Amino acid sequence: MRRGWKMALSGGLRCCRRVLSWVPVLVIVLVVLWSYYAYVFELCLVTVLSPAEKVIYLILYHAIFVFFAWTYWKSIFTLPQQPNQKFHLSYTDKERYKNEERPEVQKQMLVDMAKKLPVYTRTGNGAVRFCDRCHLIKPDRCHHCSVCAMCVLKMDHHCPWVNNCIGFSNYKFFLQFLAYSVLYCLYIATTVFSYFIKYWRGELPSVRSKFHVLFLLFVACMFFVSLVILFGYHCWLVSRNKTTLEAFCTPVFTSGPEKNGFNLGFIKNIQQVFGDNKKFWLIPIGSSPGDGHSFPMRSMNESQNPLLANEEPWEDNEDESQDYPEGLSSLAVESET
């Protein structure tokens with residue numbers, strides 16, 4: 001009876017958390033919808049008097065708005081990619097691992113299993129990275145997200161504003177979303193500013209439009225400042241081929257810690273996110289190379305790394321491991337043992 005009550009309570013709490021997790025997204029959507037109304041109707045159709053200026057403003061605005069909304073949608077609804085089945089422990093191995101009471105034997109079991117996989121990163125103490133929640137050996141750059149309750153390939157962070165985990169499958173879309181958000185705010189601020197001055201001087205009569213135009217400039221500038229900082233930080237991460245987690249805690253390889261272990265050079269680092277074909281760089285479609293399980297590494301020479309030597313990868317078995325301190329709990333990453 002008590003167990004059933006606890007299960008019902010736990011299920012109710014999970015349901016409430018899932019519902020509440022959409023609140024930040026709803027806030028963003030409402031702000032964007034209001035900005036659309038304020039710009040299109042109150043500014044362009046009511047305040048702007050020149051027909052040519054109206055047309056130019058509306059065309060440019062909608063071009064930016066489409067890409068802004070498209071990338072936001074892709075960031076939200078592109079599911080995080082999880083490690084494939086070859087990284088999961090079989091039922092027999094799982095039971096053997098769970099029933100083994102000696103830590104040193106458990107560690108050796110993971111070492112033996114990892115020998116079949118292209119795993120080059122380790123925990124802080126040099127052990128194979130293993131997720132005891134998902135029961136798998138983690139691919140390189142893969143981490144467990146406590147919010148999504150899953151291991152995510154090339155996890156960067158969990159973002160409440162898109163209610164999704166940002167990783168290999170959607171990092172390109174997230175970066176594009178930041179870029180188009182900055183452009184969206186900048187465009188609104190620059191085109192609204194002259195009318196803000198006119199309202200401030202009392203040269204325009206409409207009281208209702210005055211409120212929307214003034215507040216629109218304030219909101220656009222506020223979001224622009226915060227977004228340009230975040231976008232600049234992620235541009236720096238891309239230029240170094242790092243994730244947010246790797247920027248906070250240096251990856252540990254079999255040879256030891258190496259903060260530039262995945263740094264291939266500026267151009268190749270960009271291609272690791274956007275792909276080789278530049279015509280897809282500005283469009284939110286999947287073009288990141290690889291399958292998210294293994295990545296070219298600077299710390300390995302071409303004879304050791306099949307991704308740099310253009311050889312066949314290890315039968316789709318690609319994985320990563322690493323430890324992170326408690327200070328990163330706000331990034332929704334479970335500690336690894």
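Cβ coordinates come from backbone N, Cα and C, glycine included.
Per Swiss-Prot, the features are:
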type	residues	note
TOPO_DOM	1-20	topological domain 'Cytoplasmic'
TRANSMEM	21-41	transmembrane segment
TOPO_DOM	42-56	topological domain 'Lumenal'
TRANSMEM	57-77	transmembrane segment
TOPO_DOM	78-172	topological domain 'Cytoplasmic'
DOMAIN	129-179	domain 'DHHC'
BINDING	Cys145, Cys148, His158, Cys165	Zn(2+) 2 binding site
TRANSMEM	173-193	transmembrane segment
TOPO_DOM	194-210	topological domain 'Lumenal'
TRANSMEM	211-234	transmembrane segment
TOPO_DOM	235-337	topological domain 'Cytoplasmic'
COMPBIAS	312-323	compositional bias 'Acidic residues'
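Counting residues per DSSP class in helix, strand and coil order gives 26 helix, 21 strand, 48 coil for the topological domain 'Cytoplasmic' (78-172).
Under DSSP, residues within the topological domain 'Lumenal' (194-210) fall into helix, strand and coil as 11 helix, 0 strand, 6 coil. Taking the domain 'DHHC' (129-179) as a whole, pLDDT averages 97 in the prediction.
Long-range Cβ contacts of the topological domain 'Lumenal' (42-56) within its own chain (Cβ-Cβ under 8 Å, at least 6 residues beyond either end) map to 191-192, 195, 204, 206, 208-209, 212-213, 216. Of all Cβ atoms in the shown protein chains, 21 besides its own fall within 10 Å of the Cβ of Cys145 (Zn(2+) 2 binding site).
Here the topological domain 'Lumenal' (194-210) has Cβ contacts under 8 Å with residues 42-43, 46-48, 217 of the same chain, all six or more residues outside its ends. Within 10 Å of the Cβ of His158 (Zn(2+) 2 binding site) there are 22 other Cβ atoms, across all protein chains. In terms of local Cβ density within 10 Å, Cys165 ranks first among the binding-site residues Cys148, Cys165. For the topological domain 'Lumenal' (42-56), the DSSP counts in helix, strand and coil order read 12 helix, 0 strand, 3 coil.
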